[in-house]
Amino acid sequence: MTFQWTAVAAFLYGEIGVILVLCLPFISPLRWQKIFMIPLWSKMAVFWNKMFLTIIVLLIVLFLDAVREVRKYSAVHVNEKAANVNTNAFDHIQMKLFRSQRNLYLSGFSLFLWLVLRRTITLLTQLAKGMASHAALETQVNDATEAAKKYMAENERLQEALSEKGSSKKKESAEATDEKLKKEVEHLKAELQTTSDALHKANNEVTAVKKQSEGLKREYDHLMKEYERLQGSLNEAEDKKDQ
């Protein structure tokens, strides 16, 4: 095996190993993203696209060369087999054909796995960004939920405070109303007492007037009796004078 195909075989085995490592289930995409953010990889990322295209071109050239070799030795193999040449020459051609086919598989699988490796790294990076965004959104949602719960608790507390304040206002209003009613009752009691005193005084005055009237009536009756007695005496005196 020549140097170039030895390098291609080593590159193929390296690709297989890297892909197997990237496919390990216990290493999360976020961990791979942290690994890719190492300063060494960050420096290499600048040349990543150029390196990728360069390796693609080299593998395509080697693949096409292997295809050419396979077609060449396949045609020679058929011709030599038809010509019935000696066994050594036929085995040599058979060996060349085998090596060209081996090189074809090496370059072909290397090219295929190189594309798969790039796609795998791209998907891991995108998945890591998506997981990071999801974690950030989940954190924001949790923070928003906690804030909403806090605001709801604060709202309930304010509502309770307003309710207590309203009840205290109602209580103060009821106490003020009771105080006002008490004052009105006291005022009415005072007026009733005043009216009762005035009525009692009026009753006393009426009683005094009745007593005075009864005294005047008795005095009038007495005077009438005296007048009748005097009138009788006067009539008797006139009768005696006439006789």
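Placed from the backbone N, Cα and C atoms, the Cβ positions cover glycine too.
Predicted, not measured: the structure shown is a model, and the values here were computed from it.
The compositional bias 'Basic and acidic residues' annotation in TrEMBL covers 160-190.
Summarising the annotation, TrEMBL assigns domain 'BAP29/BAP31 transmembrane' to 1-136.
Under the heading domain 'Bap31/Bap29 cytoplasmic coiled-coil', TrEMBL lists 183-243. A mean pLDDT of 74 is what the model gives for the domain 'Bap31/Bap29 cytoplasmic coiled-coil' (183-243).
Taken from TrEMBL, the feature region 'Disordered' covers 160-217.
Marked as transmembrane segment by TrEMBL: 7-27 (among others).
Residues 4-5, 8, 100, 103-104, 106-108, 110-111, 114-115, 118 of the same chain, all 6+ positions outside the transmembrane segment (47-67), place their C-beta atoms under 8 angstroms from a C-beta of that stretch. Taken from TrEMBL, the feature transmembrane segment covers 47-67 (among others).
Residues annotated as transmembrane segment in TrEMBL: 104-121 (among others). For the transmembrane segment (104-121), the list of distant contacts is 5, 8-9, 11-12, 15-16, 18-19, 22-23, 36, 52, 55-56, 59-60, 62-63, 65-67, 69-70: same-chain residues at least six beyond its ends, Cβ to Cβ under 8 Å.
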Residues in the domain 'BAP29/BAP31 transmembrane' (1-136) grouped by DSSP into helix, strand and remaining coil: 122 helix, 0 strand, 14 coil
